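*Asks:* Dropping a structure here in structure tokens format, bear with me for questions.
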């Protein structure tokens with residue numbers, strides 16, 4: 001099955017509960033940004049996505065999420081196959097924990113017998129699809145919007161550090177790298193900060209000094225569509 005673009009995690013946030021989209025082994029090795037890293041863009045315009053999903057309802061939701069991204073990604077084709085052999089390998093194996101994904105071509109660093117993305121099984125179809133959209137965004141090279149250099153989140157940092165330490169056993173470095181650290185580097189593609197991005201964590205008002213939270217987003221925003229089109233414009237592939 002192929003999903004071709006035209007022309008070519010459930011994340012809750014402090015409080016009441018914090019559920020990150022990064023596996024424990026990735027926390028110290030993955031720096032997440034609310035922008036795209038062009039050095040991690042898939043270069044050939046075709047990506048094989050292997051689905052090792054035991055739950056058929058989850059599988060249908062993942063395919064639907066892939067289709068939504070593909071519809072707005074000129075120059076990129078998803079070749080979707082069943083099994084464990086692909087550039088992006090999506091699993092719901094209960095031997096793994098959490099909702100997480102490698103960022104773009106960082107997936108090539110993961111042993112071929114292991115998934116590059118994991119999605120926890122869930123009876124909440126809406127939340128599961130939201131998480132799938134978010135993690136697929138990471139798999140395409142996008143990072144977290146709440147770490148955008150122009151974000152306007154007035155964090156209550158001390159409370160956030162304390163909550164992550166108590167609920168998720170994160171140390172200060174984990175929290176800083178995954179929530180507060182701003183991007184650096186020469187390969188960054190930046191568009192305007194977008195609170196409606198699927199790549200933005202929902203934020204409870206009590207996590208901010210001005211009680212201004214960010215609600216959960218269930219579909220791609222116009223900003224998401226803009227940045228993915230720029231990242232995978234056909235010109236980047238000689239088109």
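Cβ coordinates come from backbone N, Cα and C, glycine included.
Source: prediction; values computed, not measured.
Feature list, courtesy of TrEMBL:
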| type | residues | note |
| --- | --- | --- |
| ACT_SITE | 135 | active site |
| BINDING | 134, 138, 144 | Zn(2+) binding site |
| COMPBIAS | 1-12 | compositional bias 'Polar residues' |
| DOMAIN | 33-235 | domain 'Peptidase M12A' |
| REGION | 1-37 | region 'Disordered' |
*Asks:* Around the Cβ of residue 144 (Zn(2+) binding site), how many other Cβ atoms lie within 10 Å? Please give the count over every shown protein chain.
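*Replies:* Result for residue 144 (Zn(2+) binding site): 26 other Cβ atoms within 10 Å.
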*Asks:* Work out how many Å separate residue 144 (Zn(2+) binding site) and residue 135 (active site) at their Cα atoms, rounded off.
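*Replies:* Taking the Cα atoms only, residue 144 (Zn(2+) binding site) lies 10 Å from residue 135 (active site).
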*Asks:* Give the number of CB atoms, excluding that of residue 134 (Zn(2+) binding site) itself, located within 10 Å of its CB.
*Replies:* 27
*Asks:* For residue 144 (Zn(2+) binding site), what is the secondary structure state per DSSP, taken as helix, strand or coil?
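*Replies:* Looking at the DSSP assignment, residue 144 (Zn(2+) binding site) belongs to neither helix nor strand, so coil.
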